[in-house]
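Look at TrEMBL and you will find 150-456 tagged as domain 'Phosphofructokinase'. The ATP binding site annotation in TrEMBL covers Gly157, Arg220, Gly221, Gly245, Asp246, Gly247, Thr248. Residues or ranges marked as Mg(2+) binding site in TrEMBL: Asp246. Per TrEMBL, site 'Important for substrate specificity' is recorded for Gly247. Annotation comment: TrEMBL describes Thr274, Ile275, Asp276, Met319, Gly320, Arg321, Glu375, Tyr432, Met433, Ile434, Arg435 as substrate binding site. Under the heading active site, proton acceptor, TrEMBL lists Asp276.
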Amino acid sequence: MEIALGFSSQNLFLSRNSSESYHKKINPISSFSFSNFALRKRFSLKRQPISRQHCSIKCQASTNGGIDQQNDDFILEDVPHLSNFIPDLPSYPNPLKKTPGYAIVKKTFVNPEDVVAQKIVVQKDSPRGIHFRRTGPREKVCFKSEEVRACIVTCGGLCPGINTVIREIVCGLSSMYGVDQILGIQGGYRGFYSKNTIQLTPKSVNDIHKRGGTILQTSRGGHDTNKIVDNIQDRGINQVYIIGGDGTQKGAAAIYKEVERRGLKVAVAGIPKTIDNDIAVIDKSFGFDTAVEEAQRAINAAHVEVESVENGVGIVKLMGRYSGFIAMHATLASRDVDCCLIPESPFYLEGHGGLFEFVEERLKENRHMVIVLAEGAGQEYLAESMHAVDEKDASGNKLLLDVGLWLTQKIKDHFTNVRKMDITMKYIDPTYMIRAIPSSASDNIYCTLLAQSAVHGAMAGFTGFTVGPVNSRQAYIPISRVTETQNTVKLTDRMWARLLASTNQPSFLNCEIVQKKINKQTSDDINDIKITSM
Ligand SMILES: Nc1ncnc2c1ncn2[C@@H]1O[C@H](COP(=O)(O)OP(=O)(O)OP(=O)(O)O)[C@@H](O)[C@H]1O
Ligand SMILES: O=P(O)(O)OC[C@H]1O[C@](O)(CO)[C@@H](O)[C@@H]1O
Ligand SMILES: [Mg+2]
């Protein structure tokens, strides 16, 4: 089957030619015309002559559904739609146009064929690459307002902005779609089957965005797919909004699969939340900027303390289990940090090029120094030196040892006992403080976009999706796509190089483990189409 595509070089969106005949040929529900294709459908493209900024492209759905080896593939990684497994699903006109907010909006509904390109830095002849569906209101919805019974659940650790997302889902459902049956599931996944629900209304959530944490409470562990879906069925819930990190999104994928297996008309929408910014595909997770901003206060305090004494060494420990994004960004933002240690970049203490040597150099030069440490850094050394046994939290995440205390002690011992130097150590651990605060103004706006995109998607009948910004545009991403890998700092990317150039810290490159890690990252990068460089 042939599809005509047109795009502007200045536009991130690609639109398929919306000819009626095409729609009829592809899908009886015209506004969901992509949804007949299975996830990760690939189209081989034949390029036509490019005229100025626009070019029109013919593409052909791959008949075998497999990976097309042609260079100029257009790949749509689509999200499921309820019509995929519910026969004769009715659709209704979207009531949005009748709401005061949208009454005079020029283009209320997104073009159903708009997609967001995952890769926007391209060369003239490079392949078209992967695309995701653009979020936004569709002309047709699959739920009548009075029929919707939505629920919201929050799982995993805290993050600034969770309450804003809750608020905006409730207010979005109510003001845009006239939905008034919205339940809050309390205490994370286990709350589905072990706690009572609370009714959420625009009034009850009115000022929750000013508070940190989650008004619904959260938990780790307790994901029992069958019990959860039984409960969804028993309560007559037909839209499930799930706010949480990588673990939560895996849980959401399991719920979606079970819902599909049972053939239920239930839309499952994931909203990615993580302070660690470790969720793949999306640009950045909400609350991250707020946390980085708050981390500045701890770094400033450490700097003030150590520059006020002779040979002051300050250590600030920040969150980041497997990904050092908070530490990296907080360091880059501060300029008062001499060294940033993250889980992705192993370091060593003794000998030439090691951390002790660097600390001594900085003390000689400046009489003080500040180290920012991600909690997941150096765990291999700690485990070795403390003979620790592996402990896990209720979700199966490894419990970390306190690298901040360990490093403080190591530096103190080295300078006092080996180098016979007087130093003053200051250890600041603001880990929970940076995630327990309300979100900043810009994060609040980001949370609003996420929440409203999720609401539009669920109302339109999309399911099994996570919503998030891809190259600054909100997209519906298949849940499995965001859980297959974890986002980590790439030592081979320019952002880490910028950090090294800013701190002038050692790269610890003459260490064998570091070399091995970098070699591995380089080979992983070849398979990783996500552009992490900025
Ligand atoms: N593979 C999985 N399948 C189903 N459920 C899962 C899976 N992994 C985790 N979960 C569930 O998801 C919830 C949250 O997981 P977890 O504690 O790992 O936090 P998270 O969502 O990754 O957030 P964060 O890491 O940002 O704190 C828990 O209730 C856990 O039981
Ligand atoms: O103590 P809690 O609540 O389990 O959270 C700690 C973990 O949560 C995170 O913020 C997110 O996974 C990690 O950085 C941190 O290790
Ligand atoms: Mg996690």
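Placed from the backbone N, Cα and C atoms, the Cβ positions cover glycine too.
Model, not experiment: these values are computed from the prediction.
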DSSP three-state call for Thr274 (substrate binding site): helix, strand or coil? coil
Let me know how many other Cβ atoms fall within 10 Å of the Cβ of Thr274 (substrate binding site). 28
Identify, among the binding-site residues Gly157, Gly221, the residue whose Cβ has the fewest other Cβ atoms within 10 Å in this structure. Gly221
For ligand 1, the binding-site residues of Gly157, Arg220, Gly245, Gly247, Gly320 whose CB is under 6 Å from one of its atoms are Gly157, Arg220, Gly245, Gly247
Under 6 Å from ligand 2 by Cβ, which binding-site residues from Gly157, Asp246, Thr248, Met433? Gly157
On the three-state reduction of DSSP, what should I expect for Arg220 (ATP binding site)? coil
Given Gly157, Gly221, Gly245, Asp246, Gly247 as the binding-site residues, which ones have a Cβ positioned under 6 Å from some atom of ligand 3? Gly245, Asp246, Gly247
Across the listed substrate-binding residues, Thr274, Ile275, Asp276, Met319, Gly320, Arg321, Glu375, Tyr432, Met433, Ile434, Arg435, what is the farthest Cα to Cα distance, given in whole Å? 16
Taking the Cα of Arg220 (ATP binding site) as the centre, which of the binding-site residues listed as Thr274, Asp276, Gly320, Glu375, Met433, Arg435 lie within 10 Å of it? none
In whole Å, the longest Cα-Cα distance within the recorded ATP binders Gly157, Arg220, Gly221, Gly245, Asp246, Gly247, Thr248 is 13
Tell me which of the binding-site residues Gly245, Gly247, Gly320 sits in the most Cβ-dense spot, judged by other Cβ atoms within 10 Å. Gly320
Across all chains shown, how many C-beta atoms besides its own are within 10 angstroms of the C-beta of Met433 (substrate binding site)? 15
